[in-house]
Amino acid sequence: MALMGTSDPSRETEASQEKPFVLRALQIALVVSLYWVTSISMVFLNKYLLDSPSLRLDTPIFVTFYQCLVTALLCKGLSTLAACCPGAVDFPTLRLDLRVARSVLPLSVVFIGMITFNNLCLKYVGVAFYNVGRSLTTVFNVLLSYLLLKQTTSFYALLTCSIIIGGFWLGVDQEGAEGTLSWMGTIFGVLASLCVSLNAIYTKKVLPAVDDSIWRLTFYNNVNACVLFLPLLLLLGELRALCDFPQLGSAHFWVVMTLGGLFGFAIGYVTGLQIKFTSPLTHNVSGTAKACAQTVLAVLYYEETKSFLWWMSNMMVLGGSSAYTWVRGREMKKVQEEPIPRRTRRVTWRCELLRSPRGGLACPGRRPMNTMLLSL
């Protein structure tokens, strides 16, 4: 069971090309299905934990803290298992280094904001509106890339972002018209989108501190999050609310809580698996299609009735996101295919004049001539 991408990509490509088409298609279908099932199940399970009328648990920070704790323990457990059984599990060695933890801390603060605002958004909005509420991630990617990295964006990419913004505002308007709009949930969704963009930018800066290992970064992020969540639990009074929770001793409650942590850990693995077996572009397209299926499932499961304009807002968000992925993919492909500018200039080599065995003059270690054409 390989959980760390340390294999040679060229060998993997050659191996995949040797496999029959039917087998490769079956592998891709299974991986994509696994990603869809894991992601959708995690959203519905978190919605149950955060806003279920039967559970009545009003401790969103504790739910997030427990999921981080489960993820950190799973990482450490797999690391120990890999050390004991090298052939069975491929996982990096994890040792808690306080210096590394401090260097990862700024990213961990953004990571805490990302997962907390995600869960708070899901608590206050319906699953059907959840994707629209967090749809501004692409827009923040473009904005922060310009402000922090000074990277400009093409006109067509900006046009797709305007479609996403239009779909977001139309969705907010339609939620308000139906009387189901939660401004608190919408604000949390916008903050979650901002933190997702910041997390992507700062991850690139912090990765060298953990030897470019995503699993080491996951471990340190979740350990830091567990420590930082403790004062929040005390300040917000969630520990007191948890003590008064009637189902605290219920095995069903802790099984569901642990399942939420398992899904939180698994989503990182299946995301990497889908990218490995397909491509980053295909992964984004699959994520968009999954969001569409998740919205339809939520409307059916909760027996909701939505207007035509509400569905149009979802289509604008999903269509704009897909169009942005397609535009950026074409732009990156174009950059990769552009030939490197070549300048030809005449260079005169000054060398010690030696007599060539065949007669004439020669330069040591050079072609037997004094003047050469170089393409730079």
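A Cβ is built for glycine as well, from the same backbone N, Cα and C atoms used for every other residue.
The feature transmembrane segment is assigned by TrEMBL to 21-44, 64-88, 100-117, 129-148, 155-171, 183-202, 214-236, 251-272. Marked as domain 'Sugar phosphate transporter' by TrEMBL: 27-324.
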Along the domain 'Sugar phosphate transporter' (27-324), what average pLDDT does this model show? 92
Recorded stretches the transmembrane segment (129-148) and the transmembrane segment (183-202) touching, at least 3 CB pairs under 8 Å: yes
Grab the same-chain neighbours of the transmembrane segment (21-44) for me: Cβ-Cβ under 8 Å, and only residues 6 or more beyond its ends, written as numbers and ranges. 122, 127, 130, 260, 263-264, 266-267, 270-271, 273-274, 277-278, 286-287, 290, 293-294, 297-298, 301
Apart from its near flanks, which chain residues at least 6 from the ends of the transmembrane segment (214-236) lie with a Cβ under 8 angstroms of it? 3-5, 61-62, 64-65, 68-69, 71-72, 75-76, 79, 91-92, 94, 96, 100-101, 104-105, 107-109, 111-112, 115, 203, 206-207, 268, 272
State, in range form, which of 64-88, 155-171, 183-202 has the highest count of Cβ pairs under 8 Å to the transmembrane segment (251-272). 64-88
Mind checking which residues reach the transmembrane segment (183-202)? Cβ under 8 Å, same chain, six or more beyond either end. 106-107, 110-111, 113-114, 117-118, 120-125, 129-130, 133-137, 139-141, 143-145, 148-149, 172
Outside the transmembrane segment (64-88), at least 6 residues beyond either end, the same-chain residues with a Cβ under 8 Å of its Cβ set are 1, 3, 94, 115-116, 119, 215, 218-219, 222-223, 225-226, 229-230, 233, 257-258, 260-262, 264-265
